[in-house]
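*Asks:* Attaching a single structure in structure tokens format; questions to follow.
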Amino acid sequence: MLDISTSVTFRLKMVDSQYYLPNDIGISALDCSEAFRLLSPQEKMYAHYLSRASWYGGLVVLLQTSPESANIFVLLQRIFRKQTPAQLEQVATAAGLSSEEYQAFLVYAAGLYANMGNYKSFGDTKFIPNLPKDKLKALVWASQAFQEQPAEMEALWDSCSCLLYSLENRQKQLGLGDKGITTYFSGNCCLEDAELAQKFLDSKKLSAYNTRLFKKEDGGKACYEVRLASAVQKDCAVDGECESCCGSFSFEDKEFTVKRGDYSRVMEKVCYYLEKARAYAANENQRKMLEEYTRSFTLGSIDAHKEGSRYWIKDKGPIVESYIGFIESYRDPFGSRGEFEGFVAVVNKAMSERFAKLVSSAEVLLPELPWPQEFEKDAFLKPDFTSLDVLTFAGSGIPAGINIPNYDDIRQTEGFKNVSLGNVLAVAYATQKEKLTFLEEGDKDLFIKWKGPSFEVQVGLHELLGHGSGKLFVQDDMGKFNFDQSKVINPETGEPVSSWYRGSETWDSKFSTIASSYEECRAECVGLYLCLNKQVLSIFGHEGQDADDVVYINWLSMVRAGLLGLEFYTPESKRWRQAHMQARFVILRVLLEAGEGLVGLEEVTGEDGKPDAQITLDRSKIPTVGKNAIHRFLCKLQVFKSTADVEGGRAFYDKYSTVSDTGAHNFLRLRETVLLRKEARKMFVQANTRISGDSVELVEYEGSAAGLIRSFTERFQDDAEQLESGLLELSKQDAPCWC
């Protein structure tokens with residue numbers, strides 16, 4: 001038993017550790033050398049230029065994350081361009097840093113590069129250097145970069161050093177208004193402003209994906225500026241546009257101005273490299289796709305990006321797969337604006353064959369889902385589903401699987417693509433037994449053996465039949481319905497469906513702040529539900545006892561992930577900071593609620609004398625108690641989603657998302673145990689490509705903080721000074737907006 005003073009000190013230390021990256025954090029190189037070697041010279045050129053477009057576009061994320069991220073990035077780039085991590089180590093020792101402090105600096109720098117900012121991409125928590133500020137300042141002052149340009153480096157340090165270390169409450173996490181930091185909105189915006197702006201955008205049929213919102217006061221009256229990401233800065237009609245979407249508008253007694261030119265310098269580079277890639281495209285679909293993407297990033301047009309996405313869907317089974325743009329809305333506190341990402345990957349043919357079989361079985365598997373036929377899409381549009389080895393993934397983090405595009409109107413009627421990122425899965429989910437928390441000893445070896453294969457099944461089902469299933473009921477601008485409102489019955493009420501999406505309303509715009517997590521929860525539940533199907537398990541090569549073990553570990557992984565998810569909950573603001581982890585906690589709550597001994601969750605004391613927890617799952621009850629619980633829950637999720645019932649859906653989802661210290665389980669206390677025993681998320685080192693004569697070379701780096709740093713300093717060496725000054729200029733011009 002801990003005495004009270006030890007307990008308080010221990011808790012303070014534990015909470016503070018959330019905001020550091022540990023020196024022993026896992027850092028692994030993403031291996032794609034064999035996949036790249038097998039490409040033709042033309043494919044290598046195509047992959048190279050798409051990678052360049054992606055890497056430059058990824059720099060936008062610095063400006064989308066926090067006011068200081070771009071300045072910290074430039075500070076690090078200038079230091080490491082002059083001295084490699086190995087060379088800088090001697091300088092650090094002479095400046096008075098211990099080897100642990102220097103390693104902490106390298107880990108911080110690697111973390112900033114890997115997350116494209118100083119907030120974790122998974123969890124949205126700030127991280128700061130785990131060494132004293134005066135020691136870091138001494139290292140900066142002793143660096144060659146400072147010796148050569150003392151005035152510039154001191155100004156750069158002064159511009160970001162306070163925020164670099166600040167852990168004021170609002171700065172501890174991303175959020176809107178007093179809930180946290182965001183650069184998707186000016187600092188004076190609150191939820192009401194975000195809601196008003198969404199209504200305005202809907203009225204103009206403008207998507208929020210590539211926008212930011214800035215609020216100004218003019219004579220006591222609020223004026224809003226909606227800024228579109230584009231290379232072009234002119235607001236008039238250009239390049240054959242019939243009319244510009246830009247201009248000033250009055251809406252609900254407020255003034256709105258729509259302007260172009262956000263991140264213009266960076267978007268110019270993206271367009272330049274997309275044009276270069278187009279010369280090496282394999283077919284007309286790829287050429288048209290890149291043409292439309294270029295138009296989108298030039299003019300700030302989401303319509304053009306949608307058009308490019310249509311060509312992308314038609315480009316079936318390419319050897320080099322890619323996607324680029326303002327894609328995922330997880331980090332917009334309102335849930336509508338997309339973070340920039342771009343990826344380039346090479347198809348893994350053997351694994352892709354399994355996914356192709358899953359696609360072929362989709363029409364048999366979809367009717368197994370627990371909602372009525374009328375709540376499923378009229379026709380299943382068979383997508384491409386491939387396993388890819390990632391060459392480049394630029395943005396704030398790398399997922400295990402993707403289902404895109406995110407545009408509802410395209411997904412519902414024209415289709416989508418699924419990808420599973422094979423070389424990411426291979427590295428990310430490798431687990432050491434001694435680091436496996438909260439499981440019974442008897443489960444650990446089985447977990448290690450089947451975690452990878454079971455997650456492969458879950459990713460496949462989650463992406464294809466999770467995100468790829470379910471119908472949205474819509475009445476278009478002409479008054480036409482995509483369902484028979486006189487006949488379709490809501491299975492939860494027994495009454496005719498009484499609500500639906502109207503006009504330009506979308507899932508994201510309607511469900512806003514809960515949309516991402518709710519949809520991830522729905523997809524995860526589909527994975528749990530359908531992994532019980534023997535045909536699915538057979539497709540992935542699992543039969544008999546092995547198949548039973550895969551199911552058990554998949555469900556056990558989900559239950560454990562629900563507990564681990566508590567790390568990503570902030571009690572002070574009662575907010576979840578990560579969509580997937582909130583979804584998994586919700587599923588844990590659903591399975592605990594099912595009772596009958598299906599899931600056990602007990603607080604215990606660990607062998608080290610500190611608080612611990614233990615999870616149990618009765619595998620014999622998964623096909624009965626477990627399946628029935630997910631059946632009921634999943635049907636409700638789909639009905640609320642299909643019928644645009646925001647009020648019902650939000651109340652339902654919020655109930656299971658609640659973290660409290662009352663009831664059968666004290667989740668607030670369990671959260672402290674999770675924080676005490678958490679393992680930092682791995683970081684990935686990615687290769688670079690460079691042109692050498694007529695061919696393209698792959699440049700690989702070691703899986704370490706130093707390797708990750710070198711990959712970034714060499715990535716932008718062609719125009720480093722011009723690029724860095726451009727980023728600082730973009731950061732500086734918006735600086736007054738965050739106060």
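Positions of Cβ are set from backbone N, Cα and C atoms, glycine also.
TrEMBL labels come from automatic prediction, so no person has curated them.
So TrEMBL has the following annotated:
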type     : residues               : note
ACT_SITE : Glu463                 : active site
BINDING  : His462, His467, Glu520 : Zn(2+) binding site
*Asks:* Which number gives the other C-beta atoms within 10 angstroms of the C-beta of Glu520 (Zn(2+) binding site), all protein chains shown included?
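*Replies:* Result for Glu520 (Zn(2+) binding site): 22 neighbouring Cβ atoms inside 10 Å.
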*Asks:* Let me make sure I understand the structure: which of the recorded positions listed (His462, Glu463, His467) has the fewest other Cβ atoms within 10 A of its Cβ?
*Replies:* His467
*Asks:* Roughly how many Å separate the Cα of the residue listed as 'active site' from that of Glu520 (Zn(2+) binding site), to the nearest whole number?
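*Replies:* On Cα coordinates alone, these residues lie 10 Å apart.
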*Asks:* Around the Zn(2+) site formed by His462, His467, Glu520, list the extra residues of the same chain whose Cβ is within 8 Å of the site's Cβ centroid.
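*Replies:* Everything else in range on the chain: Asn403, Glu463, Gly466, Glu519, Arg522, Ala523, Glu524, Val526, Gly527.
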